[in-house]
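What TrEMBL records for 173-306 is domain 'Ricin B lectin'. For 1-16, the entry in TrEMBL reads signal peptide.
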Amino acid sequence: MLSSLLSLLFAVPLLAFPLVPRQLSTRQYIIYNKCPSAVNLYIAGNFEGSLPSQGNTTRFLSLGAGFFYTDANGGNANGEGTSRAGFFPDDFYYTVVDPQRINVGIQVAPRGRPSWLGFCPVISCGEAGCPSAFPQPPTRFPAVAETAPTPPYYRCPILNTTYDITFCPDGSFPIQGSTLHPNGNANKCLDVRGANYANGTPVQIYDCNQTPAQRWILNRGSTKVQLAETNFCLDAGSTPGNGVGLKIWQCYDNLPAQQWYYTDDNRIALEGQGLCTDLTDGILTNGNQVQTWQCTDGNTNQIWTL
């Protein structure tokens, strides 16, 4: 009799509080590379190895795993100026893409989850400044609510969701790079003479013509100035000085002749040399080779705008 009564008493809470699925402390992330070549994978700033073209890899990480990105096609190992997929506790996910340039297209998809009322959409960005991405990492997140957050915040509040992260979802690297204009003159561009991509080709001023010879990759602060989709960089030579013409040369890491600093006031200065990229004599005539010259405040020949 007593055992029957105890069984009945202990059965009540079990019936009143049925078992429910529990959110795991880790989640599955599957990273795909659809780019035309192998890419380096970084997660939360750490190098995770090379991912072959058409390959994928799986990670089980925390709900706020940090950024997933690659330094391929002009990206950076530190993530700056690089397409990134981000995750945050409370089921938030998002992308960050520089408004001026994009190294790879990126897509984030909650696997097997239907999109409803703004929740759980697939987000994809294949161009600089796309509206579905943040221009820089967000510093705060909205409160969790019964309605979907305003993009570019996204949520998928379904327990234990797997996320598919894809680099180059369209199968190709985006055409990228920025044009550099002397002192804001939108009609003139920094240009590789004759589009001759070879060591020693002069860098000049020329009418803007939307060709690859005028597309450059650079970042604010310490940077190379790389010709997009090539392995050539703006190079000051082994003996830079006033009046020395600039050229392109094969890019090398830690080469002083290729180590520049793009300042907040739009000067491209050779690091530690006191020399700036300079429009020779201020002449805007096509074919005028640019040079290095002592950096001087207020010298408009040394202003280069994106």
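Numbers here mean position along the shown chain, with the first residue as 1.
Backbone N, Cα and C define each Cβ position, glycine as well.
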List the helix, strand and coil residue totals of the domain 'Ricin B lectin' (173-306) as derived from DSSP.
15 helix, 48 strand, 71 coil
Could you pull the average pLDDT for the domain 'Ricin B lectin' (173-306)?
94
